[in-house]
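Chemist: My structure is below; once you've seen it, I'll send some questions.
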Amino acid sequence: MPVWGFCVVLQADPIRVLVTGAAGQIAYSLLYSIAKGDVFGKDQPIILVLLDIPPMLPVLDGVVMELQDCALPLLREVIPTDKVEVGFKDLDAAILVGSMPRKEGMERKDLLKANVAIFKTQGAALEKYAKKTVRVLVVGNPANTNCLIASKSAPSIPKENFSCLTRLDHNRARSQVAMRCGVPADAVKNVIIWGNHSSTQYPDVHHAMVNVHGKEVKAYDAVKDDSWLKGDFISTVQLRGAAVIKARKLSSAMSAAKAICDHMRDWWFGTLDGEFMSMGVYAGGNSYGIPEDLIYSFPVHIKNKSWNIHDGLTVNDFSRAKMDATAAELVEERDTALSFLSQ
């Protein structure tokens, strides 16, 4: 008599992932990667929550249709909405892409004021509706200060659960060094972006390593051009976003989406041994002399969904000056933003 065996495959419960600005061009490049398992795992079902402003809802309906038409096995549900009580409910991850873009003739303080209002509202929604374990990535600019405002507006969610995107800058720096050395991008590790996601950021390769013909060498020794590393390399990374806008007449989308995926995947699954990545995180308790009440980009390593700033790196006078300059800009942004927050 034949004996039948049954194999029961238990699949994880779906996680709820919010993307704001979901009808925009970054989201359009991002959503497919999330939905097919490139970020949270090939066996992790997803409920995608797509939030945007009311005028964008017809566009969002088209995005939903496309996601459905991809026939992705991990995508269990897509929820388009313009309501925060729907968008932020029971979230496991929130990717806050939407923000007020800078318009022609707009003063920086006006931009900050508009975004303080947006991220105060979204922080309060996280506080009220999301899981306290939610991981929040702020992409919308000015990302560091928007992230700080969101965190301050969600006091019961740990500050460590908030981060902003500097992985795009990190990837840009890694790629520039790789191209200069004639190696693949993954042959370069431990570049650092310090500070603000702005033109004051400091791309630092003093601790970076390059795998050249199977041997790891310091980036300065691999590149063999100190003046480029201290000059054009830094300015190229700092101003890359503006260069893309000038060429495409649109801001970075494909590369931004890739960086978001990299950031969230590392946050979920951890960094490799011996490697650190750049991430805008709360500066409290840092060992690099950076003012504490800031979201500042540091080198971090990640384990069990928790990041730690990589301590003990030597900082020379050249680096110190650039790290302090970008911190000063963040302090000024923070103080301006907090004055609006209290109004």
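Think of each number as a place in line: the chain as shown, counted from 1.
Placed from the backbone N, Cα and C atoms, the Cβ positions cover glycine too.
Annotations in TrEMBL come from automatic prediction, not curation.
Since the structure is predicted, the reported quantities are computational estimates derived from the model, not experimental observations.
Feature annotation from TrEMBL assigns domain 'Lactate/malate dehydrogenase N-terminal' to 16-162. Residues annotated as NAD(+) binding site in TrEMBL: ASP52, ASN115, VAL139, GLY140, ASN141. Marked as substrate binding site by TrEMBL: ARG102, ARG108, ASN141, ARG172. Among the features that TrEMBL reports, domain 'Lactate/malate dehydrogenase C-terminal' is placed at 166-340. Summarising the annotation, TrEMBL assigns active site, proton acceptor to HIS197.
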Chemist: Could you state the CA-to-CA distance between ASP52 (NAD(+) binding site) and ARG102 (substrate binding site) to the nearest Å?
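Modeler: Approximately 18 Å lies between the Cα of ASP52 (NAD(+) binding site) and that of ARG102 (substrate binding site).
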Chemist: Whole-number Å distance between the CA of ARG108 (substrate binding site) and the CA of the residue listed as 'active site, proton acceptor'?
Modeler: 15
Chemist: Going by Cα-Cα distance, which of the recorded positions (ARG102, ARG172, HIS197) sits nearest to VAL139 (NAD(+) binding site)?
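Modeler: That would be HIS197, nearest by Cα distance.
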Chemist: Taking helix as H, G and I and strand as E and B in DSSP, count the residues of the domain 'Lactate/malate dehydrogenase N-terminal' (16-162) in helix, strand and coil.
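Modeler: Final tally across the stretch: 66 helix, 27 strand, 54 coil.
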Chemist: Would you mind listing, in sequence order, the residues at least six apart from ARG102 (substrate binding site) in the same chain with a Cβ closer than 8 Å to its Cβ?
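Modeler: Listed in sequence order: ARG108, LEU111, ASN141.
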Chemist: Mean pLDDT, the domain 'Lactate/malate dehydrogenase N-terminal' (16-162)?
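Modeler: Reported value for the domain 'Lactate/malate dehydrogenase N-terminal' (16-162) is a mean pLDDT of 96.
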Chemist: Taking the Cβ of each of the binding-site residues and counting other Cβ atoms inside 10 Å, which one has the highest number: ASN115, ASN141?
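Modeler: Per the Cβ count, the most surrounded site is ASN115.
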Chemist: Within 10 angstroms of the C-beta of ARG172 (substrate binding site), what count of other C-beta atoms is obtained when all protein chains are considered?
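Modeler: Looking across every protein chain shown, the total is 22.
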Chemist: How far apart, in Å, are the two Cα atoms that lie farthest from each other among ASP52, ASN115, VAL139, GLY140, ASN141, the residues recorded as binding NAD(+)?
Modeler: 16
